[in-house]
Amino acid sequence: MSAGAAGAVLVLNAGSSSLKYQLLHPDTHEVLADGIAERIGEAGSSITHEQDGESETDVVELPDHHAAIERAMRFFADHGTDLRSADLRAVGHRVVHGGRTFYRPTVIDAEVISEITRISSLAPLHNPANLIGIEAARSLLPDVPSVAVFDTAFFHGLPDAAATYAIDRGVASMHAIRRYGFHGTSHDYVSGQVAEFLGRPTEEINQIVLHLGNGASASAIAGGRPIDTSMGMTPLEGLVMGTRSGDLDPGLVLHLNRVAKLRVDQIDTLLNKQSGLKGLCGENDFRTITQKMDDGDDAARGAYAVYIHRLRHYIGAYMIALGRVDAITFTAGVGENATSVRADALAGLERYGIVVDPDRNALRSKEPRRISADDSDVAVLVAPTNEELAIARQAAAIAP
Ligand code: ADP
């Protein structure tokens, strides 16, 4: 019913060929509907919508994001929710890069759109897609305020020493080159969940958050303030990811160009789409990799070893950066589900006060939970992330 959607927020996450959406109440967390449109602008596009306990898929031509949102709106209408007259509080947009300009949720107007457009050179794969989602929503739901929530925002105040690349200052400044950090909405939300779970104010807690999904990032948060994070100027730096390489010797990129004769766009594709776990063993889905490891597949085992090696490298670095660590938390698809990753990431660290309890680690739940032993000085937690809820709350808080 339309009345049920009054005060709800429509959260949109527009990728280059996909659009994820969720309609939810920011106060009660009730999710009224969600859906995903895939292969937008390509052959074989489809949209799946879930509402009232039903899941429907339509394989239909979706030439652009406008068409995808229009099709989603028809699904909503079929369930009695006319988004135009539903009295929505806001449309909340995930925007990947806020540059130096945006570090708070921002009500979108023409000026904000032109600034996000200007920043797009920093995130050429992401921001243009986010903008297409913004334009489509503004034209289809002109009476609902649109709010941008930036993935970089949480890391805006990174200390200079952590945010600075050791290159020529003039060049860096001219081209806005610095470490921005990403997945900020998740790191912010999860670190808040940790404080709530431990029953302590965020300001008192030093924590490491490990967001391990298809994209992956780690952060060190001292008293609620991020002091380091593994993603940098782009979401390519840091941990080994599903299809992204994470950290590399920058000389390797030059070598690929000079010796392997790859063009810049080919190197971009190689490092963003054909590297990480996929590059190492042909698979980027952790469930498949775990299955292959169980079947004795050497490439899958090797990829897993590289993944864990890099993860431990960051955990160690952040323990030193923080000095005292109160909590280490795993989140996102892999972090919430892959028991072995959690065990292997923290194995043998008893002398540092980190003891994972194997039985607690093996329990499955959708709730935040402790997996460390009672005698572990550091609380090791699993806390599900919820970026849609975080975006909806932030959008609702500032919508006019
Ligand atoms: P995204 O970055 O796309 O939001 P997610 O946070 O959804 O990613 O995480 C996707 C990853 O989580 C995939 O590699 C997937 O295999 C992994 N994953 C999901 N469920 C499980 C599971 N039960 N066991 C191991 N890995 C899982």
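Here the Cβ of each residue, glycine as well, is placed from N, Cα and C on the backbone.
As written in TrEMBL, here are the features:
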{"type": "ACT_SITE", "residues": "D151", "note": "active site, proton donor/acceptor"}
{"type": "BINDING", "residues": "N13, E387", "note": "Mg(2+) binding site"}
{"type": "BINDING", "residues": "K20, H211, L212, G213, N214, G215, D285, F286, R287, G333, V334, G335, E336, N337", "note": "ATP binding site"}
{"type": "BINDING", "residues": "R94", "note": "substrate binding site"}
{"type": "SITE", "residues": "H183", "note": "site 'Transition state stabilizer'"}
{"type": "SITE", "residues": "R244", "note": "site 'Transition state stabilizer'"}
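Mapped onto this structure are the features recorded in TrEMBL.
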residue	record	Cβ contacts under 8 Å, 6 or more apart
N13	Mg(2+) binding site	L19, K20, Y21, H93, R94, G133, E387, E388
D151	active site, proton donor/acceptor	R94, V95, V96, H97, G98, F182, H183, G184, T185
L212	ATP binding site	L239, L311, F330, T331, A332, G333, V334, G335, A338, V341
N214	ATP binding site	M241, G242, T243, N284, G333
R244	site 'Transition state stabilizer'	G215, P235, L236, L271, N272, K273, S275, G276
D285	ATP binding site	G242
R287	ATP binding site	none
Exercise for review: Within 10 Å of each Cβ, count the other Cβ atoms, then let me know which of the recorded positions K20, R94, H183 comes out lowest.
Suggested key: K20
Review point. Across all protein chains in the structure, which of the binding-site residues E336, E387 has the highest Cβ count within 10 Å?
Key: E387
Review point. Just checking: which of the binding-site residues K20, N214, D285, V334, E387 have a C-beta under 6 Å from ligand 1?
Key: N214, D285, V334
Revision key, fill the gap. Per DSSP (three-state), N13 (Mg(2+) binding site) is strand
Review point. Around V334 (ATP binding site), how many other C-beta atoms are within 10 angstroms of its C-beta?
Key: 26
Review point. Could you give the maximum C-alpha to C-alpha distance in Å for the residues K20, H211, L212, G213, N214, G215, D285, F286, R287, G333, V334, G335, E336, N337 that bind ATP per the record?
Key: 22
